[in-house]
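Okay, so here's the structure we're looking at.
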Amino acid sequence: MNIFRLLLATLLVSLCFLTAYSHLAEEKPKDDRSLRSNSSVNLLDFPSVSIVALNKKSKKISRKEAEKKRSSKKKASMKNVARPRPPPPNPCVATRNSCKSPAPACCDPCASCQCRFFRSACTCRVLSPSC
């Protein structure tokens, strides 16, 4: 029985080596002529690339356009910040204070009452910082 297992083990190992060897790539030595012919064919397959230098005017125009885009973004962000907020209600709860259901609303218009642990712990929290 031990001889039979030894024979099966050697057969299995030899099959593993045979499959690994069959999957290896074979490299054949190539002469210079075949390399030259392959390289010329490869160069002809690809389209040629032309490099064009930019003049100073085109660089200035692109910089001006970039500055205009930056300034328009700044103006848009300033418009969002400058909008008026509604006044807080008179009896209100400050941010990060308890705001259970009988308590009044949060003072910050961007804050809302968030409850955890089955509505046992409720606090006023600001959800979005961009508000």
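From the backbone N, Cα and C atoms, a Cβ is placed for every residue, glycine too.
Swiss-Prot lists a disulfide bond between Cys122 and one candidate from Cys115, Cys131; that candidate is Cys115. In the disulfide annotation of Swiss-Prot, Cys107 is paired with Cys92 out of the candidates Cys92, Cys99, Cys124. Take the candidates Cys113, Cys131; Swiss-Prot pairs Cys99 in a disulfide bond with Cys113. Take the candidates Cys110, Cys124; Swiss-Prot pairs Cys106 in a disulfide bond with Cys124. Cβ packing within 10 Å was compared across the disulfide-bonded residues Cys106, Cys115, Cys124, and the lowest neighbour count falls to Cys115.
When pLDDT is averaged over the domain 'Agouti' (92-131), the result is 78.
Counting other C-beta atoms within 10 Å of each candidate's C-beta, the disulfide-bonded residues Cys99, Cys107, Cys110, Cys113 are led by Cys99.
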